[in-house]
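A short write-up of the structure that comes next.
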């Protein structure tokens with residue numbers, strides 16, 4: 001057994017008819033998780049139903065249908081491999097689900113693959129002012145996805161036209177640049193998800209295509225196929241390499257043990273003997289022990305739901321929504337204010353400065369005031385407007401926000417799980433956002449005896 005491949009998550013986005021299912025199905029079918037038995041079963045059913053042209057979308061339709069009926073689908077079916085990576089496909093089915101999943105972080109994508117239909121009229125429909133193509137790409141960027149691959153699909157229906165391909169590349173480069181992606185770092189690949197051209201193997205139908213290239217910090221990369229473009233994704237920084245961030249879900253008082261905060265390690269690691277700090281409570285103390293499922297852990301890793309015992313801290317000092325961090329390694333601090341990119345999803349009216357809804361960010365649930373609308377992008381006209389008077393559904397805006405009581409959040413680029421939030425009002429999610437920058441409060445807090453002793457060691 002060699003070393004296990006790095007895992008990456010990709011989200012496949014694009015207009016409903018762009019051929020997302022066929023393309024994704026093709027990759028999964030050829031490089032991945034569907035075992036031969038399942039495929040034979042599907043092929044037999046397809047033939048019986050007269051879908052003899054059994055193509056890859058059918059695989060996906062079957063998987064989706066089974067998933068919707070509540071049959072638990074072996075999630076391995078949504079995986080495929082490239083030479084370097086184990087890839088998990090995050091399906092972006094319903095628009096609302098997609099947004100919700102991306103925000104709650106059930107699915108943090110490392111890269112988005114934007115599938116564009118190259119056929120005459122189709123591309124224009126997808127990209128028109130209200131097309132999903134634009135909106136999905138804007139959402140992916142707003143939600144922190146910084147790597148993009150553009151696959152121009154259905155090239156077979158354009159008679160493999162180089163002119164059509166170039167026209168689309170030019171148009172798409174323009175709109176993704178407006179959103180914030182750098183087109184030079186985005187591979188563009190002309191494909192046919194149906195026939196398989198440039199999917200895994202170089203197409204013989206497009207001799208004019210000399211290959212894609214993308215510029216990265218590490219230098220430029222080139223390739224011919226969609227699979228190679230996926231293999232050229234920059235590897236994500238694993239959360240265990242970052243400093244500790246552990247948002248508290250609850251704090252218990254356990255007889256004979258003392259105060260036990262509980263929460264999920266989002267980044268970094270936690271272990272006994274560590275001197276931790278809680279923000280915004282500004283309490284510093286030593287971790288005596290770490291447990292998961294009633295067993296002692298030597299260290300808690302990202303994704304672990306742990307309980308840990310802290311000395312000399314009362315249950316009154318810390319609470320749900322506080323963030324635990326390593327006092328010696330970029331400790332978390334209270335946020336005085338922060339600027340965020342916010343997308344208004346469904347709000348019946350106009351939102352102007354002064355609006356103060358509740359924000360759900362990690363485990364914190366706190367009202368925050370939209371203190372200043374800095375700029376907005378109208379999603380239909382794509383116009384930028386500085387200091388707008390108001391924003392409405394469909395707008396994307398940069399907003400300065402001020403929490404109504406002490407809160408600890410982080411910039412999305414530093415600590416993704418602490419940098420995205422949902423805005424709740426009228427019992428629904430009216431907006432979602434990603435934090436760009438945080439103004440932090442420096443304040444001396446309470447240091448327990450245990451912490452003082454531990455830090456002298």
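Every residue, even glycine, has its Cβ placed from backbone N, Cα and C.
Under the heading N,N,N-trimethylglycine, Swiss-Prot lists 2. Summarising the annotation, Swiss-Prot assigns N6,N6-dimethyllysine to 3, 316. Residues or ranges marked as N6-methyllysine by Swiss-Prot: 3, 30, 316, 389. Feature annotation from Swiss-Prot assigns domain 'tr-type G' to 5-240; the stated evidence is sequence analysis. Summarising the annotation, Swiss-Prot assigns GTP binding site to 14-21, 91-95, 153-156. According to Swiss-Prot, the region 'G1' annotation covers 14-21, on the basis of sequence analysis. Residues annotated as region 'G2' in Swiss-Prot: 70-74. The region 'G3' annotation in Swiss-Prot covers 91-94. If you look up Swiss-Prot, you'll see 153-156 marked as region 'G4'.
Distant neighbours of the region 'G4' (153-156): 18-19, 22-23, 115-119, 122, 165, 190-195, 197, 203, 205-206; these residues of the same chain sit at least 6 beyond its ends, with a Cβ under 8 Å from one of its Cβ atoms. A distance of 15 Å separates the Cα atom of residue 30 (N6-methyllysine) from that of residue 20 (GTP binding site). Annotation for residue 155 (GTP binding site): same-chain Cβ neighbours under 8 Å, separated by at least 6 residues, are 118, 161, 165, 190, 191, 192, 197, 203, 205, 206.
Considering only the recorded positions 14, 20, 316, the residue whose Cα is spatially closest to the Cα of residue 389 (N6-methyllysine) is 14. Distance noted between the C-alpha atoms of residue 316 (N6,N6-dimethyllysine) and residue 14 (GTP binding site) is 49 Å. For the modified residues 30, 316, 389, the greatest number of Cβ atoms within 10 Å around a candidate Cβ is found at 30. Helix, strand and coil counts under DSSP for the region 'G4' (153-156) come to 2 helix, 1 strand, 1 coil.
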